[in-house]
Amino acid sequence: MVVGNKLQVLDALDVAKTQWYHFTAIIIAGMGFFTDAYDLFCISLVTKLLGRIYYHVDGAKSPGSLPPNVSAAVTGVAFCGTLAGQLFFGWLGDKLGRKKVYGMTLMLMVICSIASGLSFSSNPKAVMATLCFFRFWLGFGIGGDYPLSATIMSEYANKKTRGAFIAAVFAMQGFGILGGGIFAIIISAAFMASFHAPPYEVDPVGSTVPEADYVWRIVLMFGALPAALTYYWRLKMPETARYTALVAKNAKQAASDMSKVLQMDIEAEPQKIEQEKIRYGLFSKEFAKRHGLHLLGTTTTWFLLDIAFYSQNLFQKDIFSAIGWIPSAKTMNALEEVYKIARAQTLIALCSTVPGYWFTVAFIDIMGRFAIQLMGFFFMTVFMFALAIPYDHWIHKDNRIGFVVMYSLTFFFANFGPNATTFVVPAEIFPARLRSTCHGISAAAGKLGAMVGAFGFLYLAQNKDKAKADAGYPAGIGVKNSLIVLGVINALGFLFTFLVPESKGKSLEEMSGENEDNGEGEAGASSSSSSNH
């Protein structure tokens, strides 16, 4: 019944066998994500080094470190840029088309990656200011990549394995984090071999060799390479058929584009699209009625998840030091510290982050998005409370392996769970002409959560006793209470998941209600079209 009303070109995409073009699409969209993750996470590998180079205090017992406000700015400014980029490019992707905007975001990422490594000046303030400036615009480009990559992938995919394809694009994030760690290991090891330096406690000034300044610049600039490599392929990719047919209303163009991609003949059918009279906007009552709760569900779950997900970075350093992966700062020279931090991050990525992503890819079209998201939030809640309540037990040296195992499991279930599904679902359940905007809004809510997670908890997790808190920070509520708060946040995420519909195995038009004409479909469709006259 519905097929008669559905464009053949979209149907062809829905039932297409998984073939070569699906994989090229994953790689083209995924390389953007690889770069995103690399750029966002590589800063945490070099912040300690920046502190040693630019904030060295003569005669101090421990190496220089970034003041809290500078540290927050350097790591957080890219998040702010990402949030703005998600909203702006998400909206633009629905206005101009996915493809046009897709090249712009990539170019912005390449230019800003290189520029952030060229933040030159003798004065620390000026270096940090220029670094922050370019990291903001880098984030802006990265933000555009979120809604566009997800939307492009979902619009290209067939309905049987669509979830796995979108999740695979997202899973490239894991490789980006891994790539950042490995590259930093290689660079710092190479510099250590060439420029020997004593530990900080032996010779405070000599422990940071002048050449160390190149290390962080090289690490930041390397992010431009994968993006630049895929630029050409992005330009060659045709606009998605769903945008061309449903938004730009050019079924003929869509049919010819997809005939090339699918390597089969699709006849153009110009007359059928006229039926879609429902052109409700984002702020209309009709949208609120059909998708209001869906949008609430996708934004809240992503927001809550990212609070928990990004707060991990805080505990990471403490955990590494606690289990002895990273010795105390004064016993190392500057390059050695970069090497050790990178090694620890890479191990965590290898053991819990990357496997979690690929578990999602394997199971998302079998279990469905809803089940995976519920399961993920459930286990994250359980493990957070299991870490928090007997927290004093975990701190002891003998139990620290257990702590790390529990901790890794929490993030395994974040990635085999809501971290992946919150990215997939918004790309599937909204109508084509609002799809990238709604994905951008959901993703921006997530980044807001990321800021709360990364900075709110930076202050919250400080010791209740001001004297024991990190230099420059006010007293907080302590790590134990912070973990309890995170457990509650995950439990809330579990509840809000019930607002989000299951999209497994359904076509995009079925999910968004785009192929109901007046005769069939819900009464809502016919009443809204009659009120348009």
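Yeah, the Cβs are placed from backbone N, Cα and C, and that goes for glycine too.
Per TrEMBL, the features are:
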type     : residues : note
TRANSMEM : 20-50    : transmembrane segment
DOMAIN   : 25-505   : domain 'Major facilitator superfamily (MFS) profile'
TRANSMEM : 70-89    : transmembrane segment
TRANSMEM : 101-120  : transmembrane segment
TRANSMEM : 126-144  : transmembrane segment
TRANSMEM : 165-194  : transmembrane segment
TRANSMEM : 214-233  : transmembrane segment
TRANSMEM : 347-364  : transmembrane segment
TRANSMEM : 370-389  : transmembrane segment
TRANSMEM : 401-420  : transmembrane segment
TRANSMEM : 440-461  : transmembrane segment
TRANSMEM : 482-501  : transmembrane segment
REGION   : 507-533  : region 'Disordered'
COMPBIAS : 511-520  : compositional bias 'Acidic residues'
COMPBIAS : 523-533  : compositional bias 'Low complexity'
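On the 0 to 100 pLDDT scale, the domain 'Major facilitator superfamily (MFS) profile' (25-505) averages 84 in the predicted structure. Remark: the transmembrane segment (101-120) contacts the transmembrane segment (20-50), by the rule of 3 or more CB pairs under 8 A.
With pairs at least 6 apart in sequence, the transmembrane segment (20-50) and the transmembrane segment (126-144) have 3 or more Cβ pairs within the 8 Å limit; the two touch. Away from its own ends, the transmembrane segment (70-89) comes close to residues 39-40, 43-44, 47, 50-51, 55, 101, 104-105, 128, 131-132, 135-148, 436, 440-441, 443-444, 447-448, 450-451, 454-455, 458 of its chain (Cβ-Cβ under 8 Å, at least six residues beyond either end). Between the transmembrane segment (165-194) and the transmembrane segment (347-364), three or more CB pairs separated by 6 or more residues in sequence fall under 8 Å, so the two stretches touch. The list of residues near the transmembrane segment (214-233) in space but at least 6 beyond its ends in sequence, with Cβ under 8 angstroms from a Cβ of it, reads 24, 27-28, 31-32, 34-35, 38-39, 42-43, 45-46, 49-50, 53, 103, 106-107, 109-111, 113-114, 116-118, 179-180, 183-184, 187-188, 191, 335, 338.
It is 370-389 that, among the stretches 347-364, 370-389, 401-420, forms the most Cβ pairs under 8 Å with the transmembrane segment (482-501).
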